[in-house]
Amino acid sequence: MTTLTGTAGAVRRRAGELPRSALVGAVVAVWVLLWIPLHGRATLALSTSELSPLHERLNDLRDAVNNTRGSSPVFSAFFDVIREAVDALTVFLQSLISQPAYGRPVPLIGWLGVVAVATLGAYAAGNLRVAVLTAAGFTSFGLLGFWQESMDTLALTLAAVLICLAIGIPLGIWAGLSDRLNRLLTPVLDFMQTMPTFVYLAPLTLFFLIGPASAVIATLVYSLPPVVRITAHGIRSVAPTSVEAGTSLGATRWQLLRTVRVPLAKRTIVLGVNQTVMCALSMVTIAALIDAPGLGQVVLRALQTLDVGTAFSAGLAIVIMAIVLDRVTTAARDRVETRYRLGPRARGRRRVLLAGLGVGTAVALYLSYTYVWAAYFPGPESGGVVGAQLATGVTDVTDWVQLHLGAVTDAIRNAISYGLLNPLQSLIAESPWYLVSAVVLAVAWIVAGPRIVPTAAVCLALLVGTGLWQEAMVTLSATLVATVIVMALGLVVGVWMGRSDRADGLVRPTLDAAQVMPAFVYLVPFLGLFGASRFTAIVAAVVFAAPVAIKLVADGVRGVPATVVEAATSSGSTAWQVITKVQLPLARQSVTLAANQGLIYVLSMVVVGGLVGAGALGYLVVAGFSQSDLYGKGLAAGVAVVLLGVLLDRTTQAAARRFDAGTRRGKDS
Amino acid sequence: MTVGALALTGCGSKIEDSGSATPSRAACGTVNIAVNPWVGYQADAAVIAYLATNELGCKVEKKNLTEEVSWQGFGTGAVDVVLENWGHDDLKKTYIEQQGVAVEYGSTGNKGIIGWYVPPWLAQQYPDITDWNNLNKYADKFKTSESGGKGQLLLGDPSFVTNDEALVKNLELNFKVVYAGSETALIQAFRTAEQQKQWMIGYFYEPQWFLNEVKLVHVNLPPYTAGCDADPKTVACDYAPYDLDKIVSKKFADSGSPAAALVKNFQWTNEHQNAVALDIAVNKLSDDDAAKKWVEANRDVWQAWLKN
């Protein structure tokens with residue numbers, strides 16, 4: 001009986017699906033037919049140096065703010081208080097671990113002390129394995145020759161993360177309890193995450209001056225949303241039965257929160273902390289543009305002289321820091337659960353080890369406070385023990401690759417550019433704006449249902465309003481091509497990883513590294529391989545976005561019950577049939593989520609793309625940051641990126657939900 | 001980033017308070033120097049910081065900032081000195097004329113040249129390419145996947161105000177402007193073009209350390225005459241040569257600090273700057289070591305900067 005209804009559902013689903021894809025095909029066909037007579041008309045093109053009245057008005061606004069800075073009491077009362085508090089926290093952390101302080105030529109805690117404290121902390125929060133990893137990771141900063149820079153980066157990241165948690169966790173808990181606040185916060189958080197940092201970097205220094213405060217606040221804007229969102233999600237997903245149990249025992253609202261909701265959501269909240277740490281670290285290089293000290297400075301400097309090797313070793317230090325912090329917070333999250341399950345003997349052993357590490361740390365702290373050898377990381381001043389050799393090696397390898405693979409990479413670039421990107425771009429960017437808008441609305445309706453249409457229409461209207469329609473369309477076409485490549489990689493590698501533990505163990509560390517390695521590090525070799533072009537920007541976006549898509553697909557495939565796969569295999573299905581008929585269809589939800597996240601991650605690389613020849617919105621954002629005349633236009637371009645992000649995100653999410661609901665209805669019937 | 005003396009020696013020794021161990025000779029105090037993101041500027045800042053620290057006993061704070069953000073710092077006190085300013089009449093208007101927080105402090109002696117350049121192999125093989133009149137003849141060769149069937153003119157650094165779109169139009173060139181988006185992208189493009197004998201023409205400028213590695217050749221546009229670039233819509237001439245100058249905050253100029261006199265007197269040639277920039281960019285010396293090397297070899301040049 002179940003098989004019968006199941007099949008019937010599948011048939012109905014297929015029947016319901018066919019017209020949908022056919023409809024999209026028809027819309028595109030009509031579009032192409034209309035493009036032939038209409039192309040080049042009403043494209044709303046604006047040359048790079050031209051400004052629209054809106055852009056000029058934004059410039060004037062900036063000037064007005066600039067001129068009132070200092071004379072207005074609002075500034076001194078409000079912004080200066082915040083700035084001084086943030087500055088004080090950051091400078092305190094720096095004087096602990098990175099900068100000379102209190103009349104000493106070195107910070108209070110030298111390298112030995114920092115390594116010991118970090119190891120102790122990792123063991124206390126997690127387990128022995130991450131403690132060893134932490135000790136090795138922190139020592140490697142010194143071996144790479146970037147001890148002080150790493151500590152500056154760590155101090156800044158810690159300051160930003162501490163403030164994020166102080167604001168984000170209470171806000172997240174509140175948003176978890178109140179639907180109204182949640183609805184209010186969501187667009188604000190979207191805006192904070194998708195608005196390119198370059199847009200608010202220069203205004204930040206207007207409000208908070210040049211100094212640690214501006215760098216920390218720039219980092220904070222980008223890394224606050226995850227902890228708020230994930231905390232709210234955690235509070236929301238506490239099982240209603242647990243809450244009911246609490247209520248029936250007569251607990252007040254506050255008691256419920258303290259004893260039921262927060263403890264049960266703890267695991268999820270720690271995941272939010274983890275994501276916030278990762279986001280904060282990804283801002284290291286960009287914050288360096290407004291004088292944030294640390295590893296980002298090394299990367300930017302190396303970029304000026306195209307010194308790939310040095311940029312790589314500094315980037316490697318950032319990657320190591322990210323991996324250490326990620327593993328420690330993940331272990332801390334798991335400990336939240338396992339703590340209660342430890343037997344008395346294991347608990348005793350743990351206490352002894354903790355006490356031992358504590359004593360060792362106290363000794364290390366004393367030594368690093370008092371003696372030069374424990375304060376300064378030993379080794380040559382520039383390049384450290386292994387950093388210089390590593391840098392030279394990396395430079396040699398990239399030089400060789402650029403010299404010998406140039407012909408191949410040119411061919412790849414030309415094939416994708418002429419074969420896919422140029423036709424798509426001329427279809428999207430050279431159609432009249434009303435035609436593209438109509439097509440977008442029609443496609444959104446077909447794939448995501450009528451409820452998405454108002455949102456999409458508002459986004460499109462605002463895009464026209466930014467005065468950068470054609471630029472946005474050029475960016476959109478490159479984004480679509482990059483997303484297609486990301487999804488192709490996501491499916492191939494994700495399925496491979498999902499089906500094989502060995503593949504997973506092999507590939508996952510590379511994915512982690514690709515996600516946290518600052519894009520600035522690999523831009524130079526990519527430029528060498530593909531030249532300054534839109535394709536280089538696409539490759540950079542793929543490197544950043546593919547890991548997320550791959551991981552999501554892999555998790556989805558892994559989540560398919562083993563019994564189902566075994567049943568299919570035993571009934572004589574080939575591996576290909578198992579993948580296409582069983583594993584991927586059952587992992588659909590993960591695949592659609594991967595597509596959504598892939599798109600958003602690609603979009604977050606638009607600005608980096610602008611640095612390597614993608615032009616369009618990304619270039620305008622960068623130019624707006626560095627040319628005062630173009631400030632307003634850059635701001636408008638940033639808003640256009642946000643609008644594209646909202647449009648694509650809402651549409652794919654609604655499509656996924658609808659798809660999902662359809663599948664479930666099919667199953668239930 | 002603080003350039004200061006460290007009271008540390010040998011292994012096993014104890015850390016001692018540095019306190020006020022080094023008494024400053026004059027009331028110099030702290031000098032905040034903005035360091036804009038290109039190597040030539042870094043060379044200027046390295047030498048000035050070295051001299052201010054070692055000869056005048058100042059405490060120098062270098063701040064790594066882009067141009068516009070540096071100018072913002074004049075008003076708020078975060079920045080005292082900008083050492084290599086390329087034009088920026090708009091910023092001068094805002095911060096010198098309107099807000100009155102900054103003052104011009106004379107030329108650095110460096111001449112800034114902006115223009116269109118080709119890699120040396122191209123100029124050697126096709127000598128007539130350096131005349132703009134012949135550019136259309138070769139337009140086909142400059143085609144790329146980015147240039148939509150026309151020749152590609154590669155622009156780079158977003159921080160420069162450029163006339164190139166107007167130039168292409170007004171000189172009726174069959175070229176399309178493509179934005180490389182960063183100095184890094186532009187340098188890498190020229191490097192690849194020379195290495196692999198590719199066709200390439202793009203925007204570049206001197207002084208720049210990369211010209212010591214690959215001697216790019218300037219393409220002559222109709223010569224610049226005063227006022228020919230007044231209207232950005234009809235401009236059809238080469239870029240004006242820039243007299244690179246120094247800008248300091250009003251407060252710093254009035255402070256009577258010996259460092260202010262040093263900045264005011266600072267003047268050197270493109271060769272001087274290139275020597276220091278090359279040591280930083282290619283020979284991988286630290287800023288301080290590169291400055292020390294130049295200072296030791298050019299005593300007669302900088303002695304004159306220290307006079308009040």
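Glycine is no exception: its Cβ is also placed from the backbone N, Cα and C atoms.
TrEMBL has this to say about the protein:
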DOMAIN    A:150-329  domain 'ABC transmembrane type-1'
DOMAIN    A:472-652  domain 'ABC transmembrane type-1'
TRANSMEM  A:20-38  transmembrane segment
TRANSMEM  A:130-147  transmembrane segment
TRANSMEM  A:154-177  transmembrane segment
TRANSMEM  A:197-222  transmembrane segment
TRANSMEM  A:268-290  transmembrane segment
TRANSMEM  A:310-332  transmembrane segment
TRANSMEM  A:352-374  transmembrane segment
TRANSMEM  A:433-464  transmembrane segment
TRANSMEM  A:476-499  transmembrane segment
TRANSMEM  A:519-550  transmembrane segment
TRANSMEM  A:598-624  transmembrane segment
TRANSMEM  A:630-648  transmembrane segment
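The list of residues near the transmembrane segment (A:630-648) in space but at least 6 beyond its ends in sequence, with Cβ under 8 angstroms from a Cβ of it, reads 49, 51-52, 54-59, 61-62, 190-191, 194-196, 198-199, 202, 440, 455-456, 459-460, 462-463, 466-468, 471-472, 475-476, 479, 599-600, 603, 606-607, 617-618, 620-624. A Cβ distance under 8 Å defines the sequence-distant neighbours of the transmembrane segment (A:20-38), meaning residues of its chain 6+ beyond its ends; these are 427, 430-432, 435, 439, 442-443, 446-447. Within its own chain, the transmembrane segment (A:130-147) has Cβ neighbours under 8 Å at 111, 114-115, 118-123, 295, 298, 313-314, 316-317, 320-321, 323-324, 327-328, 331, 357, 376-388, 390, counting only residues six or more beyond its boundaries. Against the transmembrane segment (A:268-290), stretch A:197-222 shows more Cβ pairs under 8 Å than any other of A:154-177, A:197-222, A:352-374. Below 8 angstroms of C-beta separation, residues 20, 23-24, 27-28, 31, 34-35, 38, 42-44, 472-473, 639-640, 643-644, 646-647, 650-652, 654-655, 658 of the same chain, each at least six residues beyond the ends of the transmembrane segment (A:433-464), sit close to that stretch. Non-local neighbours of the transmembrane segment (A:154-177) in the same chain are 86, 89-90, 93-94, 96-98, 185, 212, 215-216, 219-220, 223-224, 227-236, 257, 261-262, 265, 269, 272-273, 276-277, 280-281, 283-284, 287, 292-294, 321; each lies 6+ residues outside the stretch with a CB under 8 Å from one of its CB atoms.
Away from its own ends, the transmembrane segment (A:310-332) comes close to residues 121-122, 125-127, 129-130, 133-134, 137-138, 140-141, 144-146, 149-150, 153-154, 157, 270, 273-274, 277-278, 281, 284, 295, 298-299, 301-303, 387, 390-391, 394, 509, 512-513, 516-518, 520-521, 524 of its chain (Cβ-Cβ under 8 Å, at least six residues beyond either end). Sequence-distant contacts of the transmembrane segment (A:197-222) (same chain, at least 6 residues past either end, Cβ-Cβ under 8 Å): 62, 65-66, 69, 75, 79, 82-84, 86-87, 89-91, 94, 156-157, 159-160, 163-164, 279-280, 282-283, 286-287, 289-292, 607, 621-622, 624-625, 631, 634-635, 637-638.
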